[in-house]
Amino acid sequence: MGLAIPPSRPFLKSLKSGLKETFFPDDPFRQFKNQPPSRKILLGLQYFVPIFEWAPRYTFEFFKADLISGITIASLAVPQGISYANLANLPPIIGLYSSFVPPLIYAILGTSRDLAVGTVAVASILIASMIGKAVNHTENAELYFQLAITATFFAGAFQAALGLLRLGFIVELLSHATIVGFMGGAATVVCLQQLKGILGLVRFTHATDLVSVMRSVFTQTHQWRWETGVLGCCFVSFLLLTRYFGKKKPEFFWVNAMAPLTSVILGSILVYLTHAEKHGVEVIGHLKKGLNPLTMSDLAFGSPYLMTTIKTGVITGIIALAEGIAVGRSFAMFKHYQTDGNKEMIAFGMMNMVGSCTSCYVTTGPFSRSAVNFNAGCKTVVSNIVMAVTVMMTLLFLTPLFHYTPLVVLSSIIIVAMLGLIDYEAAMHLWKLDKFDFIVCMSAYLGVVFASVEIGLIIAVSISLLRLLLFVARPRTFVLGNIPNSATYRSIDQYPVANNVPGVLILQIDAPIYFANASYLRERISRWIYEEEDRLKLSGETSLHYVILDMSSVGSIDTSGISMLEEVKKIVDKRGLKLVLANPRSEVLKKLDMSKFIENIGQEWIYLTVQEAVARCNFTLHKSKPNPEVEHNSKDNNV
């Protein structure tokens, strides 16, 4: 049975349909259909501000669970916030500010019930690395801070723009292998940077690569301080022990969650009682009381370093999005609900834009804090509000208590947190599953560790894009054979039992046909034909008569692809063969019809399935084959 050519649609209607499929695959407007205007306004408000959707259903039982989880993650947020701000070369108080305002914004706009918002090590090291190259944080601390919050603004603007324009697929360029390698490399770099705090060094390299850090460490052996070294080893051991216990006994997750704050309290008491700050142990020092000061006037849009802040903002924005969305989806899967990627991008963008105006730097949803939130039994994002209120109380009343907190404790907290990001098991899984993905992963890791964070990311993304281009430019083609005792046709490589059809070559094209792969496909199809003819000559089998192209996997085709098919037909005709098409898709069939290719090949040679195409070819072959008995009688009569 020949295929029916679908009717052509008006251009504007086709364009509208294409744009809808590209940017609105989830059809977010379906809920507004056939609704009165007042209902549409309410639905619109609930769609763009999710708190209005779940707040009316909120119960006291939910609040009790969120209160416990919110206080638990606040105990982690305070020491982590101070530690990561120190890692970003920002004042420690900025880390606390960043755990107050952004979680409130996310609670209003976010869609994940389990994500706990806060600062992360990777964004912190990116800011320290990229802005630190332009401005020294010790020599010009004020300008450094201004550039950091300006980069945060651009990170938020970029994230919100991706969400509003529904361009979240850009983040998908960071493949799983890229993220595993990049996160592992960044974690290694962060751990190496903490050697400054562990060894009590005052001067340390601003570079992040392994060689520079090791050179800085071993050229200052005379300045190593045994006091901080002993403290650091003790606290790292304590934190690792609590983490191990928390994994072995999940019901005691709070032991692991409270360990960083416990370390800060113990370290502060120890320094206060022994006056260790007078013996070379560096402490945080004075932290001013009060809530976040407004910093809108500090955004350095007119700075000569504007391009640096934009670049830093875009890169940190992408990394923060990739981590936050992945973490949110992971926990949503456990609880059987869905997060909205585009709304998440808008939420992240808004909390970073607002945060940049209130003394905060880049925040997202870190895995460690979100895991504690999840294990603590949170029900909604109210746990973020509870955390923010707890941090607010700390800012108002408790900051003087952190005066004696030793920096070596902060370094220990960061090291143990980073060890969890070096996922060697995932890397080994990539090696077993896909060697190319493993290469991407290790390229990202080695690039970050031996060059810089930016170079490692660029290398990994470049290799991933190269692989994507290879998939597009070099699609796979297969020879199909008939599975014995069935009407099914499958790849002969995959199913060795499949039989070739005498006189017929069946090829499957496994990708859309575009300008990028048209030339390759023409050459590859030609080669399949030559190889099949040579094989038949050597084996003495029936010569080749038909070439069937199974186009069931060809979702679309452009003008270069159509030209390629025309050239293939000429090659086939020249060799005395016949070209047959099987199951071309709707869009492909319409373009082939408009280009007159169907008229050229003949509509009777286009079939719904490979089985029908083979049946027609076999029928024509047997019909045209001379009858031996008739031929013998004819010869006798002539004699």
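The backbone N, Cα and C atoms fix where each Cβ goes, and this holds for glycine too.
Curation plays no part in TrEMBL annotations; they are all automatic predictions.
Within its own chain, the transmembrane segment (90-108) is flanked in space by residues 49-51, 74, 77-78, 80-84, 115-119, 127, 137, 141, 144-145, 148, 284, 287-288, 291-292, 347-348, 350-352, 354-355, 358-361, 363, 381-382, 384-385, 387-388, 391-392, 394-395, 399, 402, which lie at least six positions past its ends and keep a Cβ under 8 Å from the stretch. What TrEMBL lists as transmembrane segment is 90-108 (among others).
For the transmembrane segment (115-132), the list of distant contacts is 73, 77, 80-81, 84-85, 87-90, 95, 98-99, 102-103, 106, 144, 147-148, 151, 182-183, 186-187, 189-190, 193, 206, 208, 305, 308-309, 311-312, 315-316, 319-320, 323-324, 327-328, 331, 351, 361-366, 369-370, 372-373, 381, 383-384, 387, 414, 417-418, 421, 452-454: same-chain residues at least six beyond its ends, Cβ to Cβ under 8 Å. The transmembrane segment feature in TrEMBL is assigned to 115-132 (among others).
Residues 23, 88-91, 94, 127, 130-132, 134-137, 171, 295, 298-301, 303, 305-306, 308-310, 312-314, 316-318, 320-321, 341-357, 359-362 of the same chain sit 6 or more residues outside the transmembrane segment (144-165) yet have a Cβ under 8 Å from a Cβ within it. The transmembrane segment annotation in TrEMBL covers 144-165 (among others).
Within the chain, the transmembrane segment (177-195) has long-range Cβ neighbours (under 8 A, six or more residues past its boundaries) at 87, 121-122, 124-125, 201, 204, 208-210, 213-214, 217, 319, 322-323, 326, 411-412, 414-415, 418-419, 421-424, 426-427, 430, 434, 437-438, 440-449, 453, 456-457, 460-461, 464. Under the heading transmembrane segment, TrEMBL lists 177-195 (among others).
TrEMBL lists 224-241 (among others) with the feature transmembrane segment.
Among the features that TrEMBL reports, transmembrane segment is placed at 253-273 (among others).
Long-range contacts of the transmembrane segment (314-334) within the same chain: residues 111-115, 120, 122-123, 126-127, 130, 151-152, 154-156, 158-159, 162, 168, 170-171, 174, 179, 182-183, 341, 344-345, 348-349, 352, 362-367, 370, 374, 454, 457, each at least 6 residues beyond the stretch ends and with a Cβ under 8 Å from a Cβ of the stretch. Residues or ranges marked as transmembrane segment by TrEMBL: 314-334 (among others).
Summarising the annotation, TrEMBL assigns transmembrane segment to 346-368 (among others). Counting only same-chain residues 6+ beyond the ends of the transmembrane segment (346-368), those with a CB under 8 A from a CB of the stretch are 48, 76, 80, 85, 88, 90, 94, 97-103, 105-106, 109-112, 115-120, 123-124, 127, 148-153, 155-164, 292-296, 299, 316-317, 320-321, 323-324, 327-328, 417, 420-421.
Annotated transmembrane segment per TrEMBL: 380-398 (among others), in sequence order. Sequence-distant contacts of the transmembrane segment (380-398) (same chain, at least 6 residues past either end, Cβ-Cβ under 8 Å): 51, 54, 58, 62-63, 66-67, 69-71, 73-74, 77-78, 81, 93, 96-97, 99-101, 103-104, 106-107, 110, 112-113, 115-117, 289-292, 373.
The transmembrane segment annotation in TrEMBL covers 405-424 (among others). Taking Cβ pairs closer than 8 Å, the transmembrane segment (405-424) reaches residues 79-80, 82-84, 86-87, 121, 180, 183-184, 186-188, 190-191, 194, 196-198, 200, 228, 231-232, 235-236, 239-240, 243, 260, 263-264, 267-268, 270-271, 276-277, 281-284, 367-368 in its own chain, all 6 or more past its ends.
The transmembrane segment annotation in TrEMBL covers 444-470 (among others). Tertiary neighbourhood of the transmembrane segment (444-470): same-chain residues 122, 125-126, 129-130, 173-175, 177-178, 180-182, 184-186, 188-189, 207-211, 315, 319, 427, 436, 516, selected by CB-CB distance under 8 Å and a gap of 6+ residues from either end.
Per-residue pLDDT, averaged over the domain 'STAS' (494-617), rounds to 93. What TrEMBL records for 494-617 is domain 'STAS'.
For the domain 'STAS' (494-617), residue counts in helix, strand and coil come to 66 helix, 21 strand, 37 coil, using DSSP.
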